[in-house]
Amino acid sequence: MTSSSKIARTRINAPSARPQSTRGLADRTIIAANKNQVPIRTNLRGSALLNTPRLNKGAGFSREERQIFGLEGFLPYDVHSLEKQALRAYNQLLKQPSVILKHAFLASLRDQNQVLFYKIMQDHLKELLGVLYTPGAAEAVANYSNLFRRPVGCYISFPNQDGMRAQLEGHLLDVNRTADVAYDSNNPHDAIDLVVVTDAEAILGIGDQGVGGITISTSKAALYTLGAGINPNRILPVVLDCGTDNHALFSDSLYMGWKRTRIRGKNYDQFIDRFIKNCRELFPNAIIHFEDFGMANAYRLMEKYKHIPMFNDDIQGTGAVALAALIAAIKVSGARLQDQRIVIYGAGSAGMGIADQIKDGLMILEGLTEEEACSRFWCVDRNGLLVESMGNNLRHAQLPYARPDEEVEHWAKSEDNDGTWLMDVVKNVKPTVLIGTSTHSRAFSEELIREMGKHVERPIIFPMSNPTALCEVDPADALHWTENRALVATGSPFPPVELGNGKQYTVAQTNNALIYPALGLGSILARSNTISNSMLMAGVNSLASLSPALTNPEASLLPDLADVRNVSVEVAAAVVRQAVQDGNAKDENTIKVVNGKGPLHLEEYIRSRMWDAVYRPLELVD
């Protein structure tokens, strides 16, 4: 040890070092396999160290660390394990009287001690996911300016766009100065693996929220870590403040964003282009995750930037997890995907994303043409069934699914918008699959569900709107009205449904967290040039194959969210293999592992690259 460097090693439950015979693997892989033993180098001491959430251990600093880093006198005497700290913090969390205060507590904990935050979240993921993300995050987003305590993430505002590159570089310097990135790369421009960005125009079920959208970006970023072990210090949450059309924010004197109506058209496109260009130059290997963009822009931007590694969770993530649940349901029912008649109620970005993903599945898995695949869908929005005569009133994403007018000319048409038109579709189409993304609470009435159940032995019903209050039907009702024959998955969590005779039906939650973190992890490890449809479909098939319902008909159509890390290993492996097979991967170490030229199996390699919520040793440097 040199005089300019001291290492304080804490005892951790880290994987044991691999035997000498494995030394032939590249250094990066060897180091990654022992990631929890690699010290983090820092020159911070005393209160500066305690006020750096990425490095702070609180009462978890060992005696040796307290001496080396000048912490004696800053902390109470006793040293507490991470487990003991987690128990104390969890008990404090339970005392918070509301969801919004629980969300604020978790945000505060994240801003104080990163490892402890992720430890609590991992230990209680199913319980706390609804606090950190939907539905808890919605209230936090809406009240962002009133709850503001400290900035987290990157805020890029339209009037300050000339300084955009410097703003992003500032975050890059911050990451390189304080984060544990050394074992991944010595290249300072390789310090960011993932950018999660929103313009906050279409947040969850609450719409335009301006600068408050940063909370969605930070929550999604946390789910990448919780779900797939992506290093949180290599994720950059971003909000693009393009103004807001939410005039309630204008009238709030505490609102912290740019107080003007949203920019549109050429100015908006140039702003987004500048952001993507800077990200590609500063973070050349990073995936860009688009979140909660308005429908008018979401599809357009996804198409525009498909040549880079980008992903839109609202469209692709929602569609992917819905398709995985659908594939599992079809296997349970003994049917074929190509034989389904699919009605989607809610033709926004989520509904059309689901349609697109199922369409891709029909083409890739079943060999249908695009026209044949589109003919399996009937999509209904607030104006009724999408038909060709709607012309310019149809958005680009809706056009492929518009039905010929002559098909529906003999149908009785309702003039109101209370869901009766949906009933007409169900009566005439006799769907085998009914999907809701409308945010129209209880739109799937008893009459409608019973009508569907008359024509199919195992009706597949997916009321996917969030939050729970906006769900199209309660799963218990859907099962009761179909004599327990329905196969159900929902967007929000619901308790098991009593079927009688001591049996329960476990309702699957089509939570995007079951797939998008793994898709991101697989793409990062492969350093893929793009995130292709084939990679996405490989992940979908892998997730569907893990369905508990394949061996137990009363079980969930999707794996339990509590097991998401194990699920992510399998899904990420499928994504990586597909990227390598397609020639879409450029990471040499990952390619070697896939081709069996390293001592680690791919799944083992993936686990070795996942970030863990443990206290790593610290090394003091000048």
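FYI, residue positions are counted from 1 along the chain as it appears here.
In case you wondered, yes, glycine gets a Cβ from its N, Cα and C as well.
Annotated features, as they stand in TrEMBL:
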type	residues	note
ACT_SITE	TYR133	active site, proton donor
BINDING	GLU291, ASP292, ASP314	divalent metal cation binding site
BINDING	ASN466, ASN511	(S)-malate binding site
DOMAIN	110-306	domain 'Malic enzyme N-terminal'
DOMAIN	315-580	domain 'Malic enzyme NAD-binding'
REGION	1-24	region 'Disordered'
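Known features from TrEMBL, placed on the structure.
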| residue | record | Cβ contacts under 8 Å, 6 or more apart |
| --- | --- | --- |
| TYR133 | active site, proton donor | SER219, LYS220, LEU223, ALA513 |
| GLU291 | divalent metal cation binding site | VAL196, VAL197, THR198, ILE216, SER217, LYS220, ASN312, ASP313, ASP314 |
| ASP292 | divalent metal cation binding site | THR198, ASP199, ALA200, GLU201, ALA202, ILE203, LEU204, GLY213, ILE216, ASP314 |
| ASN466 | (S)-malate binding site | THR134, PRO135, LEU204, GLY205, THR439, GLY491, SER492 |
| ASN511 | (S)-malate binding site | LEU129, VAL321, GLY491, LEU558, LEU561 |
Environment of GLU291, ASP292, ASP314, the listed divalent metal cation site - residues of the same chain whose CB lies within 8 A of the CB centroid: THR198, ALA202, ILE203, ILE216, LYS220, PHE290, PHE293, ALA298, ASN312, ASP313
Mean of the pLDDT scores, which run from 0 to 100, over the domain 'Malic enzyme N-terminal' (110-306): 91
Cβ neighbour count (within 10 Å, all chains shown) around ASP314 (divalent metal cation binding site): 22
